[in-house]
Amino acid sequence: MTGMVGTILRRKAEQNMTDVTIRNVTKRYGALTVIPQLSFRIEDGEFVVLVGPSGCGKSTLLRMLAGLEEISGGDLLMGADVINDRPAKERDMAIVFQNYALYPHMTVAENMGFALKLRKRPRAEIDERVDKAAAILGLGKLLDRYPRALSGGQRQRVAMGRAIVRDPQVFLFDEPLSNLDAKLRVQMRAEIKALHQRLKITTVYVTHDQIEAMTMADKIVVMNEGRVEQMGTPLELYDRPANIFVAGFIGSPSMNFLPATVAATNGPLLKTPEGVALPIDGGPTLTGRSEVTYGIRPEHLQLGETGIPAEVVVVEPTGSETQLYVTVGGREVVAVLRDRVDVRPGEKIWLTPRKGCAHLFDPNTGARIAG
């Protein structure tokens, strides 16, 4: 193994494990508490994505990790070391921002090597590390250009190259793809994931885009109002969301939710308030419950001859699939069908949930019951 990738991996092998622990971390602005006692751990080499709606505290947490925001309580640890009071420049972390944060009067090479220049590293070392990072990111022919002559994707690669050149223990990404168009976002998220697979550096990535989270992460932390709703692998969150918030946030289009009453017959029977029967299977334990929230993902609904009666409102064909917006008992439901279908607004259809794919939640707490 040669080049900068080999150098970074050898350095990691010589160091202690770079896990990151957030332990009872609190953030207050005056009397306002925006993060109340947050705790979780990021293992060495993991790619962890913090995801959630605007204002949930994910960027604030990232800035506290970077040393750009003070914490109000609790501890931040790298390995066994508490870094609460360690200045940002001494935390051995490199951050990539949404707006690239490139110096317009510096060339690509000068931008990438600037942190090493501030550390008064030898010119030969700076040039070598810049050249190796440029080779990893395909920037070799752009080193003499200025940021104004670069595309958005090229600028983001330069920002990533600047982080790589620093050879940090932890990478931090703060919504780095938000300014890019849809096609370039897809390309860049694949490049960032491939980069992590090569360098194996502990990475914390912030986004509001759950598609980015699902496609890039080893683990996802879903945040809401400064709290962790659930942490797990992408498929764990998709298959077994801990509550209605996670179920509705992970997946696109969002999971459908219908209120239901429980009637005990030979087995549990669910009906909407309008009397529409909702199929369930697997015999979930609903003893003592009179009401639940029924959840089913759009991609787990199929056209059938029986099932849930619905009326078509809007048909959206995309070529590879068809999205149907329908009403069930007066409530909007979305179905994503892989097959091309000939249905029209106003038409009555039946939707059949795929077996084993229904989710049940407590309507009062939002917590998962079964399914």
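Our numbering is plain: 1 for the first residue shown, then up by one each step along the chain.
A Cβ is built for glycine as well, from the same backbone N, Cα and C atoms used for every other residue.
In the predicted model, residues of the domain 'ABC transporter' (20-250) average a pLDDT of 93. Marked as domain 'ABC transporter' by Swiss-Prot on the basis of sequence analysis: 20-250.
Residues annotated as ATP binding site in Swiss-Prot: Gly52, Pro53, Ser54, Gly55, Cys56, Gly57, Lys58, Ser59. All protein chains shown were included, and the count of other CB atoms within 10 Å of the CB of Pro53 (ATP binding site) stands at 13. Following the DSSP three-state reduction, the secondary structure of Pro53 (ATP binding site) is coil.
Just so you know, of the binding-site residues Ser54, Ser59, the Cβ with the fewest other Cβ atoms around it within 10 Å is the one at Ser54. Cβ neighbours of Gly55 (ATP binding site) (same chain, under 8 Å, six or more residues apart in sequence): Glu225.
Counting Cβ atoms from all protein chains shown, Gly57 (ATP binding site) has 21 others lying within 10 Å of its own Cβ. The record gives Gly52, Pro53, Ser54, Gly55, Cys56, Gly57, Lys58, Ser59 for ATP. Within 8 Å of the mean position of their Cβ atoms, the other Cβ atoms in that chain belong to Thr60, His208, Met223, Asn224.
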